[in-house]
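Trainee: I am attaching a structure below and will ask some questions about it afterwards.
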Amino acid sequence: AQDSCAHQCGKLLGACSCQVTCQSLGICCPDYKEFCLQISPYSGSLMGGKDFLINNTALNNSSVLKCRFKQNITTSGYVDKDGKGHCISPLLYETGFIPFEVSTDGLTFPYSGTWLSVHHSKVSDEEKCTLVNETKWQYYGTPNTGGNLTLTWAQQTLAATHVNIEVWGYQETGDSYSENWMAEWKYLYTLARKIPNTGKYSFIPVPTEGSYSTWHFGILRIIPNNYFDGHRQVHQNIDNIPSIWSSEHALAWHLEKDFRKDPNAWATAKCIEWDRKEELLPNFMEEIIDCPCTLAQARADTGRFHTDYGCDIEKGSVCTYHPGAVHCVRAIQASPQYGAGQQCCYDSSGTQILTYDSTGGSTPDRGHDWGSPPFLKPPRIPGFSHWLYDVISFYYCCLWSDNCDFYMKRRPSSDCRTYRPPRAASAFGDPHFLTFDGLNFTFNGLGEYTLVESDLTSLRVQGRTQQAHFSNGTGAQGTGLSAVAMQENNSDVIEVRYSEDLNLQVLLNQRVLNFSEQTWMDLKGLYLYSTPDQNITVMFSSGSGVEIRGSGGYLTLTILLPEKFMNHTWGLFGVMNGNPEDDYTFKNKTTMSVHASPQQVFEFGASWAIENGTSLFTYDTEFLLNSFFFGEKHNASFLPVFSPHEDPADPLVQEMVSHCGSDPFCRFDVLTTRSFQVGNSTRLSHQNHKLLVEHLEPVVSCGWLEPPTNGRKNDTNYLLGSTINFTCNEGYELRGSQERTCQASGAWSGDTPQC
């Protein structure tokens, strides 16, 4: 059929469209909604077992539904009594959007959609069963921990009168860092069979026998009892069972008798065995990024570091594994070769806590907690590789026995001596631009422009401006950012825009995203995060970050680029090289003086208009097509006010002075839009930018200083200007420097003290 979307979703056909933009343009093929599937819920844990509904597609009750994920994982679906199709998500060893297709005849798969597979820790608690008092489960059998264990779940999730509770274990087989290294979740045994689906189960755990006791890390699964055990052995198909999983945890409660007899001795042996294995593995520490020196830097470098959900200052600093810390961050990108992760923790004074000084110090990870593309194989499995190398070993050495020095020796904190903060550029209001090198200007063109482009990673960030409006609805002689689109190398394309009814929308490859279920998404070449109040952060794999928020009807944009982009950028944000003099570099590479007139700056801006061939924007309405796709990319007939006149007789001017103070951008915007709301949000964005630049100032660190043997030191701050005093224990005298100061060169004054 020429005009059918069967097998054609995402394509533009001769007579009609099966692309996602076809709906707002009114050019869809008649059966678009039937074949291009909309599902709810749209996301679930990578562990699978989530039942999701296929909307808009009416199916025949006799159809045999098959759902095929990634073209090779086929699961059975079913049709409910209302004629709606359902699929059950499969167990996947990766996160992100997973393509799937549906068949009603068992042979052809004409229907298609995408499923969002999510890190197990990022799934809402309602979706999991709860290990009541989880610490008790994970310390069971250690001194003073015993008795009943209780599991609770939302019983309505499973349409069954009776359920089974199963124990699963995770293992990685083959040789570390080789082709045959494989990840596997394995069904171990059924803990409870055919119990009533009441939403609660309590039991006294019995130590396991034989081979089960070699599984120390695992998870529980609750399934309807009518999928009996034998069914699994025959088909090996565990994927079509609606399931409720627990959180992944240390299986202390199921360990063998030897553990219960003497947990300390058992765990010590495991800790030493882990230590010996680590000895043979490659050193991943050399390739992970150094930590930011201060809490301010760590929270400002949003392109490369993100809050560690285990220790968050915004959620009351509950830092169980890091006593003394108020906030930790994790490096977003895993290290290139080994897929390792970095973690950095800070105390209330904002200085970094090192494991050399405290067990609350930050510890790097052999396996990045979030996994890393292309996932699927160790050490890149989201969450679980990390558990195997970095978490269960912490139980062996630090929590079940008293051998934490073994762990800290293998996972020492990185200090910040090689950390270099990124550079920031911002645009906001009636667009005012602050470049990476600190130049600021106003460019009020109407059109679509290159904000930054780099030949280092093919990074492109493009901005669209639209005419500002006075509070009375007439067009003002100024513009503001209404959309920003971006891509790096061959990553997904992200666009953040105000829709025509002034809602903030985020588009992924032209499709409007919905954050109702997930606020963090692992996408191709980038991570995307949206806060509840719609601050959008895009974190590209190069470490560059883009932050966008809506304020006062315009977008406020901040771009953070790591130092490796020096001398590799151009566009409206200029050439990032520490020198503002060449920031007015035209597209044809000619430059003009930083003292240019507003009219000349307008010509500079116009030179950076984009072309349809390289545009990253989505034109999915008549208005956008006519104004920007078929119209000029830089509207030469729109002339803004270059320097608004301050008329002392204008009542607005007196009020403006009290609102804006001396902020020139705020004054400009109040005069051009006659709106204090716009002026205020501009003043705030300007302040935020100045603060950000302040927080990203480089800080000199001299590195960790060891206390002398038989002595001690009085401080753990190793940054510029810090002085550390040494004293000796009684009966010892000090040779060498009694105090040492961190100098601007990055070296400590004096020499090493001895007692």
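Backbone N, Cα and C atoms are what each Cβ position is placed from, and that goes for glycine too.
On a predicted model such as this, the values are computed, not experimentally measured, just so you know.
As annotated by TrEMBL, disulfide bond applies to C728-C755. According to TrEMBL, the domain 'SMB' annotation covers 1-40. Feature annotation from TrEMBL assigns domain 'AMOP' to 263-411. Here TrEMBL flags 423-616 as domain 'VWFD'. The domain 'Sushi' annotation in TrEMBL covers 700-755.
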Trainee: Quick test of the contact rule: Cβ under 8 Å, at least six residues beyond the ends. What residues does that give for the domain 'SMB' (1-40)?
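Mentor: For the domain 'SMB' (1-40), the sequence-distant neighbours (Cβ-Cβ under 8 Å, at least 6 residues beyond its ends) are 52-58, 87, 102, 108-113, 115, 510-511, 618-622, 625.
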Trainee: So, do the domain 'VWFD' (423-616) and the domain 'AMOP' (263-411) meet, by the test of 3 or more Cβ pairs under 8 Å (sequence gap 6 or more)?
Mentor: yes
Trainee: Relative to the Cβ of C755 (disulfide bond), which residues of the same chain, six or more apart in sequence, are found under 8 Å away?
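Mentor: Those within reach of C755 (disulfide bond), by Cβ under 8 Å and sequence separation of 6 or more, are P708, T709, N710, G711, C728, N729, Y732, E733, L734, R735.
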Trainee: Per DSSP, what is the residue count of the domain 'SMB' (1-40) in each of helix, strand and coil?
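Mentor: Computed counts for the domain 'SMB' (1-40) are 8 helix, 7 strand, 25 coil.
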Trainee: Considering every residue in the domain 'AMOP' (263-411), what is the mean pLDDT value?
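Mentor: Over the domain 'AMOP' (263-411), the predicted model scores a mean pLDDT of 95.
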Trainee: DSSP helix, strand and coil counts for the domain 'AMOP' (263-411)?
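Mentor: Its residues divide into 53 helix, 17 strand, 79 coil.
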